[in-house]
Ligand code: ADP
Ligand code: MG
């Protein structure tokens, strides 16, 4: 192998320590990548691959492929690599190349990973970006997450046989972008599958040595202080281990102090409603099941926040519903006060509008990646605070007033930023011209020279003329002497002693003076010195802000919370929600409840409200029958969503509601997305059901939608019945259960099993047509109407008629009377799905509220459906 250049050797050494990252190697104005990194990057980023040092004839380097990107455009490239799951190690020149003797020193300044991006190009505004630390062994499970763009950190730990299930639920809750795992967690296939396949989380395995108690505790004390470390459990080491290793990893990759990571939230099992990933997805809390879109989710309905901080917090409220009546009441009372005081609410919302992302701006300032513009944005955000504080003080008491008292208006910081920086500073902080005029006399002087260099020379010329009486005195400039004073021979005797002769010309002399040389130096170096001085002042400002990081983050937290409360209040007013009574009664009682999302998705269609009553003893389990499309699933989800909304402190879509706190909501709904993972639908269904039966308590709410559907009728019916018996029986589970089934045979359980009640969703038949009334009524459905619905769905009439015949035969064989279906076998039915839909839509249309244009559109749409 031919010899490497010293620089290439330096590269190899650094690369050796960062094998799993793509190394961005700074060379002048470019980041260069070599070898495999270059191949990967050129493929992923569409860059041209070249080779280096051809002329030097060094065969080794000749073969090394390379590609590069301009350093100032690196953010976008890094974002693309991170999005594809790569890590990027950034290697900078750590000394001034001009001052370097020989090879310029270089070092890794930061490793960007999916869980540690701070650049806004890679981050979603209304969503936290978490990096998780996970510890799992035979006794304990520890879980921690940190969002380094905001500093927000959470940690918890579990023990006992269900520790891993709890751990998985926390992963579903926070959906981290990246996770560091101890060997015990990394070897757990179920956990890995959840992380990598379902959550699309980047996994880092760390060796066991990185999970050691004394070291972990030391790290935590350093980062969060002794008090925070003291609050962590001593009887379960997993909390400290998971958090300690995470902090370690963040320090290793970020190579900074992370001063803004200063608030630690330790929470215990039982503090928040636990939801497994299945329930989260089925209930479509933050995204829809199929499209993975926000539109159509509960968050979409509830999120009318005005700030990115509020949007992130509201999402986390949805991910973490509360279990404490008093904590819920605190939020709920605040929402109620905002609902009541329309003018104040509107004013607050107006004041919140336009507040920038203080949390992430502060994160970037601590990181040193913030520019003048970021600081001015922060100031603009701070400028809103005093007014908000005042508005909150006007509330009679309670949580809103407390928030106001807690809100640090940060006027001193806003003032410092405003005094230091111009209103609209340039992008770069390295080139000067962003410090406000009048802030620093030296900056003003340098800028004066910089902008007025010629003028200064002219006035010096005039002053010298005056002083010496030499009328022909001129100040000139050439490359050899710089500035000089020229005096013609006729005035030679008037030249003062302080003039130093430099050059003799035919008809005159050229001189310099100390003053002139000083000025020359000033003029020529003003630009550099101004840039350096302004940068220095900027770093001082940055330090002032860094020192106040806790205050800024505290104010940001108040803004975020207020924004969430205002959003919930605004939605409650707009959608006509009621304030629920939330208590420990164990009763769920909803009058005229509606599905919060369905009613918003189809605002022109009338949503039929329904009651729900579930008691501790009576009505503990409801068997809901009715044909497909009747509205069973909608009805059950609606109840679950209302419980959830009540427990985050929101109003609910109903006339009145009383919600007894529920510790967990479980769902088993429809076909799962796991087919791709190689499990059959039935297998998935049964796994989910067994998880539910194992983990649910008598305080849980169970939504079981058509259990047993994936297997043969008798198997399915038997399983469904056994499951329902288990859930409803107070000696076994005794949980509140909504149980939709197409086996209307199960309705026989009412009366034999205490607490079980039959309901069905009413339909009417008119001739061969089925009309959905959407109203839940007591009693079981008489039959399944499967054939009518199939016809509505457009199954060819020959098939429909044949099905009818077969059904009649089967029922006769079973000794039951055939239902009264008119047999008009040969008549071709024209009322396919479209007509049913048209009738449905007409019935629901609220003609009184339609504008003429909407009416015309509706008519057009109906007509189109018929064709
Ligand atoms: P099922 O589970 O009984 O098959 P779904 O709950 O899926 O029925 O509901 C079928 C359709 O009826 C859905 O498109 C839904 O939007 C609509 N729907 C359900 N309940 C109502 C209601 N109370 N008011 C208006 N439309 C409803
Ligand atoms: Mg359904």
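Yeah, the Cβs are placed from backbone N, Cα and C, and that goes for glycine too.
Curation does not apply to TrEMBL; its annotations are automatic.
There are 23 other CB atoms within 10 A of the CB of residue 627 (ATP binding site), with all protein chains counted. The annotation ATP binding site is assigned in TrEMBL to 626, 627, 628, 629, 630, 631, 632, 633.
In the predicted model, residues of the domain 'DNA mismatch repair proteins mutS family' (700-716) average a pLDDT of 84. Positions annotated as domain 'DNA mismatch repair proteins mutS family' by TrEMBL: 700-716.
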**Request:** Give the sequence-ordered set of same-chain residues, not counting 626, 627, 628, 629, 630, 631, 632, 633, with Cβ within 8 Å of the centre of the Cβ atoms defining the ATP site.
**Result:** 740, 761, 772
**Request:** Determine the binding-site residues, out of 627, 629, 631, 632, 633, lying near ligand 1 in the sense that the CB is under 6 Å from one of its atoms, and give them in sequence order.
**Result:** 629, 631, 632, 633
**Asked** So which of 627, 628, 629, 631, 632, listed as binding-site residues, have a Cβ under 6 Å from an atom of ligand 2?
**Response** 632
**Prompt:** Are there residues of the same chain, six or more positions away from residue 632 (ATP binding site), whose CB falls under 8 angstroms from its CB, and which are they?
**Reply:** 624, 625, 626, 705, 740, 761
**Request:** Run through the Cβ atoms and count how many others sit within 10 Å of the one on residue 631 (ATP binding site).
**Result:** 25
**Request:** Using the structure shown, find which entry in 629, 630 (the binding-site residues) has the sparsest Cβ neighbourhood within 10 Å.
**Result:** 629
